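Annotated in TrEMBL:
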| type | residues | note |
| --- | --- | --- |
| BINDING | Glu138, Glu176, His179, Glu262 | Fe cation 1 binding site |
| BINDING | Glu176, Glu229, Glu262, His265 | Fe cation 2 binding site |
Amino acid sequence: MALSLFGAFQGTFQGPAPIQGRVTATSRASVPRALDVVVAPDAKAPKAVDEVPGYMKSKRNLYPRKCDVMDQIEYFVQEQIDGGLLLDAEKAWQPTDFLPDSQKPTEEWFDEVREMRKVADELPDELLLVLIGDMITEEALPTYLTLLNTLEGTDDPTGAVDTAWGRWSRQWTSEENRHGDLLNRYLYITGRVDMRSIEQTIMRLISSGFDPDTRSDPYRGFIYTSFQERATKISHGNVGKLAAAAGDGALARICARIAGDEARHEKAYQLFVQEVLRLDPSGAILSYKDMMDKQIVMPAELMNEPSNPNLYNDFSRIATDLNVYTGVDYAEIMEHLNEFWKIGEVTGLTPEAEEAQEYLMKLPTRFNKLALRQAKSLAKKAREPKEWAWINGRVI
């Protein structure tokens, strides 16, 4: 969730002419399968990896230099997968771990559902609205996997390519998929929301798509995810704190566990960019400045409904009023990224990148001052009451 202050700048980009790059995808044709026909000993050898069909190759038309860098850190990505920054299904928590167990005897299950509903009845409507917005954002997961697969050099050209980047994007998606599932089921059990209206919003959001202006650039893409995962962690964490204050321990635990996932993902993406900074400091610094100039847009910015084209802004205002995610948080994330990546200590920069470095070091303070001014302005302006279809037309 972001304040309207932090909207995206819709720019255009013209890249260089397409360049034939090296292959990063492994040919599935070279991997034997149980039903493969046995080939005679004198048959032609399998195609070398350099001869893999074009559709198997990772895209590298616009950013061949950056794609080479992403190739060089692929081993590092695999190390992060193996090191526990992603979890496989056997180790990961599952949504059913936090919900009434439907395999219990009927009355015992009903008792657990009744208790969950009784506690949820005490949640303020404003908190429910923010939780719904967070859930809708998580349910738009297909959009985010699509985004990852627009990034040159790290995309998954077949949907099952055997590279560290391909494995990362698919396994990351499998983890994220649990978030929307769990929040969706929790909200359904509460009985306090109009699930059909919410489901329609999810469909419209996915149909609308999402363009964070990463322009197929892997540097920009992973700078974006480094920022966004931290923003999502902050949002879920703060909703969990509000749930705990309202007496809903189950919801507090749900939000805390989701925030924990986002913290792992945040760390991984920031480590990826840290490696890029090591190999191509000027390119990384310039891409970072570019993303900060354009400003980070939130994934749900195209959330809408026919009766309210300003649905996202209304939702964002409530999130701001509850201090779930604010402009101050936005500035804090920039400060954190500068510190994590040690932006002020990067050396070996081009003159243009040195200017960008100086600019980036001053930016968090500028944004923080702007956010504080806006917060004071919003505090003086009462929120206009709105009828919310998500909560059966109640006015908030």
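From the backbone N, Cα and C atoms, a Cβ is placed for every residue, glycine too.
What TrEMBL says about a protein is an automatic prediction, not a curated fact.
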Of His179, His265, which of the binding-site residues has the most Cβ neighbours inside 10 Å?
His179
Taking the mean position of the Cβ atoms of Glu176, Glu229, Glu262, His265 as the Fe cation 2 site, which residues outside that list, in the same chain, have a Cβ no more than 8 Å away, listed in sequence order?
Trp172, Glu175, Thr225, Gln228, Thr232, Lys233, Asp261, Ala263, Arg264, Glu266
So for Glu262 (Fe cation 1 binding site), how many other CB atoms are inside 10 Å of its CB?
22
Taking all protein chains shown into account, the Cβ-based neighbour count within 10 Å for Glu176 (Fe cation 1 binding site) is 20
Whose Cβ lies within 8 Å of the mean position of the Cβ atoms of Glu138, Glu176, His179, Glu262, the Fe cation 1 site, other than those residues?
Leu141, Glu175, Asn177, Arg178, Gly180, Thr232, His236, Ile258, Asp261
Determine, from DSSP, whether Glu229 (Fe cation 2 binding site) sits in helix, strand or coil.
helix
